[in-house]
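One structure is given below, encoded as C-alpha cells.
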Amino acid sequence: MLNGKTAVVTGGSRGIGRAIAITLAEAGADIVIFYAGNHTAAEETIQSVRETGRQGLALKVDVSDKEQVDAALKEVVSTFGRVDILVNNAGITRDNLLMRMKEDEWDQVIATNLKGAFLCTKAVIRPMLKQKGGRIINISSVVGVAGNPGQANYVAAKAGLIGLTKTTAKELASRGITVNAIAPGFIETDMTSVLDEALKEQMRSEIPLGYYGTPQDIAEAVKFLASDSGRYITGQTIHVDGGMVMN
Amino acid sequence: MADTLERVKKIIVERLDVDEAEVTLEASIKEDLGADSLDVVDLIMELEDEFELEIGDDEAAKISTVGDIVEYINKHN
C-alpha cells in the first residue's frame, strides 16, 4: 500500500504518534519519528517499526526550532532519498484557565503545536515538489473545533492547524500534494490519562458512540489519507471522535 | 553569459511551456511568461539543481526577470 514511501511522524515516540508510525510501517512505509526527549519510548517505537520489516529512524528534534527541523529533514532526505508523508502530530498541553494562563504557557503550546507544524511543512515542501506529490496530515483535535475550558492555548493551536491545513492545501494542490487534518476526539493516551475520573466520565457521556477512541482509530484514518485511497481528498478535517462533533 | 542564458532558456521553455523567442533577458517571469508564485519556486529549484548552487528565499524574492536569473547565476557560479 505504501511500499517505497518514506513517512515522517512528529511526536512519534508515544501515544497517537506511535500508533501512526507503526501502522504506516505495517502498510509498507519506512518511518522517521521526531521525538522531544523520551529516548526510551522513541527506541521502543522504532523497534516495533523494524519488526514490520521496514526501516526506522528516530531523531531528537525540537519542532519549534527551525534549524533543528531543517537539519532533521535534510538527514531524512539524505538517508531515504525522499519524503512522501508528513504527519504533524507533536503536541503538548499546559492547561490553565485563560485568566490564570501565563504567557509562557501560551507560547510553549503555540510553539510546539502550531509553529512546529509550520516549520516541518515548510521543510518538506521542497522535496515533495521535486517528487511531484506528497501527503501532509495535521493532527488537530475535537477541541480545536468545539472549544474547551482550561485549554485556550491548546485549542487556539489546534484550530490554527485547521486554518494552516486549508491554506497549505490550496497552495499545493496543483502539485499533487494533499493536506488534511484529523480531529481526534477523546483518545486514551498518556496525555488524557492524567485527567480525573469525574471529568473522563462526563466526557464519555458526550460521545454518541459511548466509548473512548484508541490511538489506532486515528492511525487508521492517517493511513487512509496517506494512501492512494485518499488521493482526491484535500483541505479537509476528518473527525475521528465517536460522533462528538457533527458538521 | 551566452551559455548560461541558453541553459536557463531551455529550463524555462520546458517548465513554463512558453515559446523560446519569448524568453528574453528583459522578460518578466511572472508577467510576460505567465508563471504563478509556485511556478517560480519550482523554477528556482530546477535552476539550483542545474547550476549546483543555492538560491536563498531572500535572493529568490529579488528575481523578477530572466536577466535577473542569468546575472545571479553568473555572479555565484
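Each Cβ is built from the backbone N, Cα and C atoms, and glycine gets one as well.
Taken from TrEMBL, the feature domain 'Carrier' applies to B:2-77. TrEMBL lists B:Ser37 with the feature O-(pantetheine 4'-phosphoryl)serine.
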Give me the DSSP three-state residue breakdown of the domain 'Carrier' (B:2-77), ordered helix, strand, coil.
50 helix, 2 strand, 24 coil
Mean predicted confidence [pLDDT] for the domain 'Carrier' (B:2-77):
91
